[in-house]
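Down below is the structure, laid out as structure tokens.
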Protein chains: 2
Amino acid sequence: MSITLRKLDSSHPDFNAQLSAVLAFEAEEDHAIDQAVVGILADVKARGDAAVLDCTNRFDRLSADSVASLELKREELQAALDGLSPVRRAALQAAADRVRAYHERQKQECGSDGFTYREADGTLLGQKVTPLDRVGIYVPGGKAAYPSSVLMNAIPAKVAGVQEIIMVVPTPNGVKNELVLAAAAIAGVDRVFTIGGAQAVAALAYGTATIPQVDKIVGPGNAYVAAAKRRVFGIVGIDMIAGPSEILVLCDGSTDPDWVAMDLFSQAEHDELAQSILVCPDSAYIEKVEASINRQLADMPRHEVIRTSLTNRGAMIKVRSMEEACTIANTIAAEHLEISAENPQQWGDQVRHAGAMFLGRFTSESLGDYCAGPNHVLPTSRTARFSSPLGVYDFQKRSSIIQVSEAGAQTLGKIAAELAYGEGLQAHAQSAEYRLRKS
Amino acid sequence: MSITLRKLDSSHPDFNAQLSAVLAFEAEEDHAIDQAVVGILADVKARGDAAVLDCTNRFDRLSADSVASLELKREELQAALDGLSPVRRAALQAAADRVRAYHERQKQECGSDGFTYREADGTLLGQKVTPLDRVGIYVPGGKAAYPSSVLMNAIPAKVAGVQEIIMVVPTPNGVKNELVLAAAAIAGVDRVFTIGGAQAVAALAYGTATIPQVDKIVGPGNAYVAAAKRRVFGIVGIDMIAGPSEILVLCDGSTDPDWVAMDLFSQAEHDELAQSILVCPDSAYIEKVEASINRQLADMPRHEVIRTSLTNRGAMIKVRSMEEACTIANTIAAEHLEISAENPQQWGDQVRHAGAMFLGRFTSESLGDYCAGPNHVLPTSRTARFSSPLGVYDFQKRSSIIQVSEAGAQTLGKIAAELAYGEGLQAHAQSAEYRLRKS
């Protein structure tokens, strides 16, 4: 049974509306889930460890007698690492090393040293940059447990200088994911608790007797985890709440169609809601990719997921030119943008909105997912219009520095007082005026 | 009737619990407000301009016949600016110039150029930094309408390179704040609509026929606005949802007590929930400040607000040393931290968590509020543990750049495939393997 992907043509008068329909995705907010989460958050806030223990035993079908017993010892992480095959261990270590090297560079380049400058009258202004003290990383249990995500979340925090990283990962029925634990060992995670769900988010946000309160919680989770993160936002920091994963491939029509088909599969295999879109000026090439999709699909172990994803959410867009493809890329603001073309940089330069750009025929998205170095936690659902890949900067924050000299206070005090009176804030004005020299 | 402030002593065995009680503040989430907001958001999403017009006429008691008629012409902004007294206009211009200069510096220093680097095998990695396309600034109407906030929200966006800034400001009963409009003219705001509340947030988030969709909404508002921003987070970016304003003064006991008392007032006069705390190793000095508070209070036009704020939320903390004061400052993570001491830098170096640091006796917070240069939109309610002043970086976002060379694909492809197989993602693996040379 062959797949037929939705075809769009940018010269069609209804193209913009058709494209909007393809992109439309709204995370359903489930009121029942949200209410359950509100209850769990309140319970953990009130009862601490006891509530975490109850929830964990109930939802993950365990019979632990304390939260402390749910903490994994460092030796257990190391044992997981030592248990890997040499090839897999080397691959994980190589990936970690490259991710660390990229984020070290990012730290250097993104203003991590802060700055100060002195004005003529001696006034000093600047910005101090400091790491967060303690961060929580949520790692899903079960099928969506990705060791690569452990690296991508923990390493930037480490590079930023976060002193303590607490990982939480549920172990339903007591089943541990050895590859995830090995990744935690490599990434330098400080403590690991085998808890999950809204109760884990609550424990990290409020702190309990056993689990220390963190300053920020990052990492993906199911609908309960997402609802809990939304609710604790403000008490702690959170990363973006991710939607389904997406790939947008701009192709000039001369990459091997099998490569592009497989790149579309690599997104579609994540889950049924994932979105894979090909944009190309060559309609014959689009047909070749579709033929390749149908030729290769049966060989894919996850062909059912791929079929559903491509049928429901995939699309192939014929455009008039690569320039137009870039304009469409700016509208879509994709999480992953592959530019599979000669001189890809010229097209990349025209794209303002994308989570990550994979340039050139040899840059399959999967290289970036695992080991190129840049982060694979990227803004989804068009949020690349206003947000960024997870990075060192997400684990740092800034403080403004203002040291006004006595001379500076004479100039600034008059300006501030004038504006403060204008806003009806007399204490503000007088506080500035006290610093004026009596004359 | 004199004020008695809460006194704490760091040597008291219950000090930590007492301090927690002083800091405890939880924004009440009003279910009725949230439900009203859900209705307004859905209405604007469905009916666009018609809904915005209905809400505006009803809530602001207007009788406008179109949303277009609610847009202010550029000449009206310029007229407001021309109508200011020369002294006030010069003060506003001087403040804007200083805020712009600081944020230009911030742009230079915070990695706005992005970076790329090439590895030995020709693989190129990097990060591209681009401004947001279009930003919405919410400005409250009525008593909390601060022209300084217009500057502080709009100028960093301009400096970042945002192409279009849309300001919304409600005009209940048709009353406009001329100083706010003048500030919009100076800051270079592109379009102004006299709408407010959840309907304005909805219009900016979804777009209507008249009001363009923005990529991010910043600026403070009432409980309806805060609830609406929380709800549209993800469709557009939002800034932090601010709590009550706070000042923490660390004083070595040799600043004029009247100055420190007025600095505490300048925070307390904002509103009844504002928090002013003095920390000092000298108990005699604390008494002097309290005496000054009681001596000066009656002269303050906003003395009722100040009294309520200081009585309910203020505190004076006696510590053993300035070192201990810095430790406490890290716990409080104040929005505004004044270090009124000799050699303030030595204490500032010990503080990791604060929105802005005001160093030295001449640096009253009010200088920073208006015209020192750094932003006055700062993280409140201990969120300085994980978040930053509003800045140029809030109006930029980053995209990762990955261009793997053919040689690089040989190395990275093997690592990626190994890890992809480990995660059960065969299309990821095969996509990487297609780029390996057949040998």
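In case you wondered, yes, glycine gets a Cβ from its N, Cα and C as well.
Unlike curated entries, TrEMBL annotations are predicted automatically.
Shown in sequence order, A:Val168, A:Val169, A:Gly196, A:Ala200, A:Val201, A:Leu204, A:Ile217, A:Val218, A:Gly219, A:Pro220, A:Gly221, A:Val225, A:Lys229 are the residues of the chain, 6+ apart in sequence, with a C-beta less than 8 angstroms from the C-beta of A:Tyr138 (NAD(+) binding site). The annotation NAD(+) binding site is assigned in TrEMBL to A:Tyr138, A:Gln199, A:Asn222.
Reduced to three states, the DSSP call for A:Ser245 (substrate binding site) is coil. Listed in sequence order, A:Gln267, A:His270, A:Asp271, A:Ala274, A:Gln275, A:Glu335, A:His336, A:Thr380 are the same-chain residues six or more apart from A:Ser245 (substrate binding site) with CB atoms under 8 A from its CB. Annotation source TrEMBL lists substrate binding site at A:Ser245, A:Gln267, A:His270, A:His336, A:Asp369, A:Glu423, A:His428.
Spatially close to A:Asp369 (substrate binding site) yet at least six residues away along the chain are A:Ser148, A:Ser266, A:His376, judged by Cβ distances under 8 angstroms. Annotated Zn(2+) binding site per TrEMBL: A:Gln267, A:His270, A:Asp369, A:His428, in sequence order.
Marked as active site, proton acceptor by TrEMBL: A:Glu335 (among others).
Residues or ranges marked as active site, proton acceptor by TrEMBL: A:His336 (among others).
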Residue among binding-site residues A:His270, A:His336, A:His428 with least C-beta crowding, 10 angstrom cut-off: A:His270
Least Cβ-crowded entry, counting other Cβ within 10 Å, from the recorded positions listed as A:Glu335, A:Glu423: A:Glu423
Integer Cα-Cα distance in angstrom, A:His428 (substrate binding site) to A:Gln199 (NAD(+) binding site): 44
In the chain carrying A:Asn222 (NAD(+) binding site), residues 6 or more apart in sequence that have Cβ under 8 angstroms from it: A:Pro140, A:Gly197
Local Cβ density at A:Gln267 (substrate binding site) - other Cβ atoms counted within 10 Å: 33
Proximity to chain B among recorded positions A:Glu335, A:Asp369, A:His428, where any Cβ pair is under 8 Å: A:Asp369, A:His428
Integer Cα-Cα distance in angstrom, A:Gln199 (NAD(+) binding site) to A:Glu423 (substrate binding site): 45
Local backbone state of A:His428 (substrate binding site), from DSSP in three classes: helix
NAD(+) site shell beyond A:Tyr138, A:Gln199, A:Asn222, criterion: Cβ within 8 Å of Cβ centroid: A:Pro140, A:Val168, A:Pro170, A:Gly196, A:Gly197, A:Ala198, A:Ala200, A:Val201, A:Gly221, A:Tyr224, A:Val225, A:Ala228
